[in-house]
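Asks: Straight out of TrEMBL:
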- 30-48: transmembrane segment (TRANSMEM)
- 55-79: transmembrane segment (TRANSMEM)
- 132-204: domain 'DUF1736' (DOMAIN)
- 150-174: transmembrane segment (TRANSMEM)
- 194-213: transmembrane segment (TRANSMEM)
- 225-248: transmembrane segment (TRANSMEM)
- 254-275: transmembrane segment (TRANSMEM)
- 282-299: transmembrane segment (TRANSMEM)
- 387-420: repeat 'TPR' (REPEAT)
- 554-581: region 'Disordered' (REGION)
Amino acid sequence: MQQPFATLAGLMFSVHPVHTEAVTGIVGRADVLACVFFLLSLLAYHGHSPEGRSYVWISIVMGAMSMMAKETGVTVFLINLGYDMYLQWPNIKKTIIELRWNQECLDFRCRVTKVLCSTVVILALRLAILQGSLPRFCEQDNPTAFHSSIYVRFLTFCYLAAFNLWLMLCPATLSHDWQMGSIPLVTTLGDSRNVATCFFLGLVFLLAIRSIIDFENMRHPPLVLGLLLLVLPFLPASNLFVTVGFVIAERVLYIPSLGSILLTVYGVQLLWTNYSRHRQTILGLVILILISSILRTIVRNKDWKSRETLLRAGLQTLPHNAKMHYNYANFLRDSSRHELARSHYYTALKLWPTYASAHNNLGTILKNNYEAEQHFLAAIKFASNHVNAHFNLGQLYRKTNKTTESEEMLTKCINLEPGFTPAYLELARLRGPNHRTISELLLKIVELNPHDPYYSSKFGEWLTKKGNHLRALKFYWTSLRIDATHQDSAVGVFRYYRKFGQQAQMFQMLTRWHNLLRKKGHSVKQNFYLQEWQLKSELRYKIKEYSTPLYTNHYSSGENSGPEVQRSGEKRSKWTLQKNKTTDKTFKEKMKLVRKKSSVQPQRALDFSKLALLTHCKS
C-alpha cells in the first residue's frame, strides 16, 4: 500500500465511531490491550533485523499476551501463518513441483512448527485458567444460542455476521447493549434480512476467491491481509464455533475493523490509480467520510459521558430492547424516581414477560404488599435460583408478620447462596436476640466478612448484652485489628476496661487511639474531655487513699477497742473529710484552668472526644 493511503488508513481507524465503546468503556480496555499486542505480534513475525534474524519467539510472546488480554488475540497466530504462506507461496509451489525442499521452505516449516506448538500450549494454559470449562450464559444474554431449531440459529447467526460487517462499514446505529430481542430471530427463508446476509457474505466470499487467485501473482497483498484481519479475529465472537454471552458487542469489532478499514482504503487506492479523472470526487468522498466519522464519534462519546446519558441513548436507538428499559428503570430507582422507574419496569415486562430480574426489582419499589409478593413469586417461578427474589420475599413476609413463610424463604436463599450475608442478618432479625441459634447466625456472619470490622463489633455488642464480656472483648479486638480507627469497637474495649476497673489500661489505650486518629489524618484537636477524665481518675484514687484508715481493726465494732484507738479513728475521719473538701476545691480549680486553656467547645468536639465521657467512671 502506498504511503499516503497507509496514513489515510490510520486516520480512519483513529476516528472510527465503532471504537467508542472499546476506548471509553472500562470493559473494552481488554480489547484495546489485546489489539496492541496483536499488532506487535504481527509486526514482530513479519519484521526482520538487518542481519536477517527473525523475531518469531517475540511474536509468539506478544500473541500470548494478546490472548491473555482477550481470547480473540489467539487468532494472530493464524493470521501470521496465513500471510506467511501467502508470501512464501512461490517457494512452496516450487518445492511441490520439484519434490525437493529449498531453504525458504525449510525456514517456513520451522516457523509453522514453532507457532503451532506454542499455540497448543497457550490454549492449554488458557483453559487451565478457566478451570477446564467455558463460561455459561443464560437465554437473556444470547437468545439465539438457546433456540431449539438449528435452522433458526444458523440463519440468525449468519445475519448477525452480516450486521457486524455493516456496523464496521456504516456505524450509524450504535448501542452499548444488543441483548434481549434487540435483533429479532430470523425464522424463515422469506425474511427480507436474508437478502442482506447473502449480499455481505457473498461479498466476503468473492474477496476470498480473489485473494486465493492472487497467490499466483501476488499483486494485492493488502487485499489478502485485510481479509485475514477481517474474518479470523471475528470468528470467536460469531457464535458459529463457540457460544458467547452477547448478541452483538461493538468492542469485539476493534480488531476486525483493522481489516475492514484496510480493505476500504485499498479500494480507494485502486480507484485513485485507475480513475485519475475522478480524483476530485474520490477526494471529496474521503473527506466526507472522515468528517462524518469524527462527528459521529464526538456524539457517541457524549453518550458515554454518564450512566444516564448512555441509557437514554440506548433507549433512543433500541426502544424495543427489554433490558434497556430494565437498566434505565434501575437507574431511576437508584435516583429515587420510583414512578418513572415503575413505568419502565412494566415496559420491560411487556417486552419480555419472563424477565425474572425485572419482576424482582419492580417488587422492591411497589407500595402494595400483595402486588410486590406476586412479582417476587413470578421472579422465583421464572428463575428458581434467583437469590435476591427469595431474600426480598422473605423480607416482605417478615414485615407482614408471616414468620413461617419468611423463615422458609430466607433458608432457601441461604441454601442457594451460602455466602449471602443479608439473608443471615434478616434471619437473625426474624428470630430475635434470644433465639437459641442466634449466636451461630451472628458468628457465621462474622466468618463470611473477615475483613469488615462492623460485623465483629456488632457481635461483640451482642455478647456484651448477654454478659459474655471476655468473648466480646475478643471480637472487639478483631475489629480493631481490621480497622484501628473503628469507633464502636474502641468504645466496646473502653467500656470493658471501665467495668472491670482497669483504669490505667483504659487511659493508655484511649491516648494511643487519639494519637492514631491524628496520624491517620483525622482533624482531632486537643480537647478538655480527655484532660477532665485524667483529673477525675487521679483525684478519685487520692480520695480513696486518704479515706482509708491507717490502723488495722480485728473487731466487728468499736466496743472492744481501746480509747486511744477510737480517738485515733475519730481524728482520722475528721482529717479525711477536710481532705475531701480540699480535693474537691483543687479539682474545680484545675477544671476551670483546663477549660480556659482549651479552644474546643463541647458541642463541637469530635466523636473521639465523646468517648471519654462514655467511658470514664463518674465519682
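Any Cβ shown, glycine's included, is placed from N, Cα and C.
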Asks: Which sequence-distant residues neighbour the transmembrane segment (55-79)? Criterion: at least 6 residues beyond either end, Cβ under 8 Å.
Replies: 30-31, 33-38, 40-42, 44-45, 47-49, 111, 114-116, 118-119, 122-123, 126, 225, 228-229, 232-233, 235-237, 252, 255
Asks: Tally of helix, strand and coil residues over the domain 'DUF1736' (132-204) according to DSSP?
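Replies: Counts, helix then strand then coil: 36 helix, 0 strand, 37 coil.
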Asks: Below 8 angstroms Cβ to Cβ, which residues of this chain, lying six or more residues outside the transmembrane segment (150-174), approach it?
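Replies: Residues 16-18, 20-21, 144, 183, 185-187, 189, 191, 193-194, 196-197, 199-201, 204, 230, 234, 238-240, 247-248, 250, 253, 256-257, 260, 264, 293, 296, 300, 317.
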Asks: Summarise the model's confidence over the repeat 'TPR' (387-420) as a mean pLDDT value.
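Replies: Averaging the confidence scores along the repeat 'TPR' (387-420) gives 89.
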Asks: For the repeat 'TPR' (387-420), give the DSSP counts of helix residues, strand residues and coil residues.
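Replies: Looking at the repeat 'TPR' (387-420) with DSSP, the answer is 27 helix, 0 strand, 7 coil.
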